[in-house]
Amino acid sequence: MAKLVEFAKKTKRLGREDPRRIIHSFKVGLAIALVSLFYYFEPLYKGFGISAMWAVLTVVVVFEFSVGGTLSRGLNRGLATFLASALGFGAHHLASLPGEKGEPILLGLFVFLLAAAVSFLRFFPEMKARYDYGLMIFILTFSLISVSAYHDDEVMRIAYERVITILIGIFTALFVCIFICPVWAGDDLHSLVANNIDKLANFFEAFVPLYLKISQEGEPEMTFLEGYKCVLNSKQTEESLANFAGWEPGHGKFRFRHPWKKYLKIGSQTRDCAYRIESLNGYLILNTETQIPEEIRGKMQDACINMSSEAVKALKELAFSIKTMTKPCSADSHITKSKIAAKNLKSLLSASLCKETEISEVMQAITVVSLLVDVVACTEKIAESVQELASFAKFKSEKPKQAPLRTSSKISEPEHVITIHQPSSLPE
C-alpha cells in the first residue's frame, strides 16, 4: 500500500512539473488507436493483411515528445524504408540473372557490402547526429527484403506493402503530433538557454553579499544559490533539442532555418561560466570557517558590489533579450563598467598584498576576486554570442523593457521543465 501511495505521488508530481507529458501520453494512445483500424475493419485488413502491423509498430517507434523528434525519426524511417525496398528489389533482380546457383551467393554479397558500407557511415559524426536511425532502418529493411526474397517470389508485393503501411504510420504520427497540442523542440531550446543565463545571474547576485557578509532584507533561498547546478548538466539536453529543432518547419516567432546551432555556442559559454561559479560556491563554505579581516572586507566591498551588480544587469538583459527576441542595448555598457570595477578591485588587493603582514589573510580574497573576474570575462563572451544570435536570427531592434532584477530572494520564478523523450532502441 505504501508503494502504491508513493507511486501515486510520483505520478502527480511528474504531471505537475510538465502537464505536456499527460497530453503526450494521450496523443500516443490516439495515434496507435487510429492505425489499429486497419485490423478492426475488414475492408482495410483485406488490403494489407498482416502487413498492417507495420503501421502500428511505426507509430510506436516514431512518435516522440516533440514535433522535431517525430519528424526526425519519421522522415528517417520513411526515406530509409523506401530506398532499402527499392535496392532490395533491385538486388533480387540482379541476383536472379545468373540462375539458381549464383543467386544466394550474389544476395549474400549484396547484403554484406551494403550492410558494411552503411555501418561505416554511422561512424561519421554528422551522419550519426541526424541520420543514425535512418541508416539502421536501411540495413534492417534491405536485409529482410533481400533474404526473404530468396524463398518468396512476390518480393515486389512485400516491398510495396511495407512501404505503404510504414508511410501510413508516419503520417498518422505526424498529424497527431503537429495538429494536437504540438510541442516544439525549438521553443524548449530557446527557453532553456535563456533560463540558464538567468540562473547564473541569480547566483552572482546573491554571492557577493553573502561572501562579504553584507546584511540583506531577506536571506537568499537555496534555489538561487544552487540553480546554476542544472546548467552544468545541460549539454546533452541542448544538443538533443538543437538536433530536433533543425528538423522543424518555421513556427511561431521562429523562421525556417533559424540558427539553432548558435544556441549551442551560448550554452557552452554558459556552462564555462557555471564551472567558475561552482568554484565560487565552495568559498561560501570556506568563508564561514575563515573570516575575512574587516580592513580587507571594507576595501573589497564597494568594488565587488559594483562589479557584481553590473555583471548581473548584463546577464539579466541578455536572458531577457533572448526571451523577447530583441537585440540587447545596454549589456555591453554594463560589462564595461564591470570590467572597470574589476580592475579597481585588483589594484586594491595588489596594494594590500604589498604589506607582508597581510599576505596570508588576503590570499583567499585574491582567489575569489580572480574567479569573479573570470565570470565577468565569461559574461562578455556570452554577450558576444547573443549579439551574433540576434544578428543571424534578425532580432527586433526596438529597445526592450528593462529586465526585472530580483528584489527579494523570497520571490522565485516558475521553473520551466524541459522534457526529452529518449529515442527507443527498438529497430523495427
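Here the Cβ of each residue, glycine as well, is placed from N, Cα and C on the backbone.
According to TrEMBL, the region 'Disordered' annotation covers 399-428. Here TrEMBL flags 21-41, 47-67, 105-124, 131-151, 163-185 as transmembrane segment.
The recorded stretches the transmembrane segment (47-67) and the transmembrane segment (21-41) share 3+ CB pairs below 8 A when only pairs 6 or more apart in sequence are counted, and are therefore in contact. Segment contact is absent for the transmembrane segment (105-124) and the transmembrane segment (21-41), given fewer than three CB pairs below 8 angstroms at sequence separation of 6 or more. Same-chain neighbours of the transmembrane segment (163-185): 20, 23-24, 27, 30-31, 34-35, 38, 48, 51-59, 62-71, 74-75, 77-78, 81-82, 85, 240-241, 244-245, 248, 251-252, 254, 419, counting only residues six or more beyond its ends whose CB sits under 8 Å from a CB of the stretch.
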